[in-house]
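Enquirer: Feature annotation from TrEMBL assigns domain 'Cobalamin-independent methionine synthase MetE N-terminal' to 3-313. Under the heading 5-methyltetrahydropteroyltri-L-glutamate binding site, TrEMBL lists 15, 16, 17, 18, 114, 516, 517, 562, 606. Among the features that TrEMBL reports, domain 'Cobalamin-independent methionine synthase MetE C-terminal/archaeal' is placed at 427-750. Among the features that TrEMBL reports, L-methionine binding site is placed at 432, 433, 434, 485, 600. The L-homocysteine binding site feature in TrEMBL is assigned to 432, 433, 434, 485, 600. Marked as Zn(2+) binding site by TrEMBL: 643, 645, 667, 728. TrEMBL lists 696 with the feature active site, proton donor.
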Ligand code: GLN
Ligand code: ZN
């Protein structure tokens, strides 16, 4: 059995690339030093794959920032404003990635978007009418030759023409269809060059194929490859898909002269059925993704061997691999000194997954793989107990009834009760929760973690910060106050650390974008809350003021979406467990005079399945109820807020309303306000606070522009429903601009109120 890797993480097991890049950006190291770090990482990654006998080792999966940006640069998709800077190729590349402000000019970065259903972000290639797509770069070939010098004949990897054209943004009149011949020609030249260099395979990544495809999409795909594939020569072409199944294009793929088709059997729910139903061409190699490339749990060989067994009967030529690039998992367990041996025995990060391929391969060499020691060891692990069970939690989730998901009285009645109780002015003003996490706030937390200050000192510092923050909010005249979230490193990690059932790593970083990595918590067992997590700080803030103070929590769906989930129970079950734990916190806050509680669901929108037909059944049908479970137990006069980032939820607007919060605030200032039209049209009952200014820049908005923003919202939204707040993320801003901007916001609200 041969094995293939789609892509390997790039930033280094200790984030070497991140640190080198950041030094380079600050001018502390030279371009050649940065290149040396890149070369060292590539060599190390190739070597470890070779040691694990991987047959198809990728190259060009390395990137200084992002693979789609690399593809754009390889194919001359560099907008004029970046070319005009007259910088070196590397500097031009970073200008597109991060923006440039200096002697050569001032340009913003390309837009960034989430890569399918992952937390990785890609740079959106921008194509205008004057663009000329053609092969001008050499990175793909350079890295192939670099590996060849190390005696490794790699499989170069490139984003395919279809996905490239579909993900690009068109700023002129021309659209994807207008670039078919140019783009195809560019890929033809890539193939020609690889023929010259003696490559055996190329992997063209076409993840766009796992989304809902229209007839036009399929025509575009076929047109591109009908032109590209005749240039194959001696190079074999693998079209690689991942993150789902290719139900819309399976037959087109079989019909085109690809030499290999990469199919994901982990996330692709219909993949196996497709192969069963339509067969798999004898002259093609099936590259089957059988090991989860996105999660950190060990592979269960029993299931994988059964799957491989069936696939061997269906496809004449079979290669096994990961379900997607290993970019989405951390590097290695080897640096984790604090995890227990028991924990570690269940995990498999990128390096350990390579070992799994070596093991699968070795097992498959035996007539009876099930008799091997490797197999028996794996079965023992999965049959053993994992100390994850909390019977009380399981009893509670299984005893839930419809009533637990229904808040009473209904919205309209609550709204009236709350209006009478809080007696807020029209257009009430508030913020989304956090206030600037200045250096002293972070230093205090680090000192506490290191044991340099006592818990008492640590808390006292936070209490003082809260007092200062509450006093300032009162002084500038905000209507609903917050405590400022000074105690939180991160909105998910904070809760994960306080809940039982999560575990944390030291080095399990995963690239989010460019040099930014995240370290998601791991859902290890049943989740429960053993003690209040936020009550002390919120209650302290409330003790300082007569104004309402919003308690601040993260919702179950967001906590789950930003963690590595369990695979032994469903996402739904985990979400309900987390929901029950957060529900206890909500009720404790309510019992401690916190009359308004915000439950952030920042990441609810982002895990919407790639296919529309899966939205309800796979996701919303449990995500929305999980949120309702969190707040259904409060009194009518306790006001529940929620918050969402990226306001692109027009298409699930009714589901958002069905969360049955009393108020939703969302990030809106950079959107085209399309969401406000959607709210207007659908009879949205929840009160709304669309962010009225962008906090991603230190700019202080003027009172006039804030008034204009509010008036524009008032054109579409009933004044009785509208709240006034900035976008989320004040924790990343400086102190001065934050307070100056908020003063303007309160002033603008007052002036608009006067005109009502
Ligand atoms: N309450 C959080 C904050 O204000 C919300 C963060 C977010 O929207 N991602 O920071
Ligand atoms: Zn947000």
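A Cβ is built for glycine as well, from the same backbone N, Cα and C atoms used for every other residue.
Just tell me what is around each of these and how deep it sits.
Expert: In the three-state DSSP assignment, the secondary structure recorded for residue 15 (5-methyltetrahydropteroyltri-L-glutamate binding site) is coil. Note on residue 15 (5-methyltetrahydropteroyltri-L-glutamate binding site): other Cβ atoms within 10 Å of its Cβ, all shown chains, come to 17.
Within the model, the domain 'Cobalamin-independent methionine synthase MetE C-terminal/archaeal' (427-750) shows a mean pLDDT value of 95, rounded to a whole number.
Neighbours of residue 485 (L-methionine binding site), defined as other CB atoms within 10 A of its CB across all chains, total 24.
In the three-state DSSP scheme, residue 485 (L-methionine binding site) falls into the coil class.
The number of other Cβ atoms within 10 Å of the Cβ belonging to residue 643 (Zn(2+) binding site), over all protein chains shown, comes to 26.
For residue 696 (active site, proton donor), the count of additional Cβ atoms within 10 Å of its Cβ stands at 13 [all protein chains shown]. Following the DSSP three-state reduction, the secondary structure of residue 696 (active site, proton donor) is coil.
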Enquirer: What does DSSP assign residue 645 (Zn(2+) binding site), in three states?
Expert: coil
Enquirer: Count, for each of the binding-site residues 114, 645, 728, the other C-beta atoms lying within 10 angstroms of its own C-beta, and report the residue with the smallest count.
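Expert: Among the binding-site residues 114, 645, 728, the sparsest Cβ neighbourhood within 10 Å belongs to 114.
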Enquirer: Which recorded positions are spatial neighbours of residue 728 (Zn(2+) binding site) here, meaning Cα within 10 Å, out of 17, 432, 434, 606, 696?
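Expert: Hits: 432, 434, 696.
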Enquirer: Can you count the other CB atoms that lie within 10 A of the CB of residue 517 (5-methyltetrahydropteroyltri-L-glutamate binding site)?
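Expert: By my count, 17.
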Enquirer: Could you tell me the C-alpha distance between residue 485 (L-methionine binding site) and residue 643 (Zn(2+) binding site) in angstrom, no decimals?
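Expert: Here the two Cα atoms are 15 Å apart.
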Enquirer: Could you check which of the recorded positions (643, 645, 696) sits closest to residue 600 (L-methionine binding site), going Cα to Cα?
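Expert: Going through 643, 645, 696 one by one, the Cα closest to that of residue 600 (L-methionine binding site) is 643.
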Enquirer: Using a Cβ cut-off of under 6 Å to any atom of ligand 2, determine which of the binding-site residues 17, 434, 645 qualify.
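Expert: Cβ under 6 Å from ligand 2: 645.
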Enquirer: Quick one: of the binding-site residues 433, 434, 517, flag those whose CB is under 6 Å from ligand 1, and say none if nothing qualifies.
Expert: 433, 434
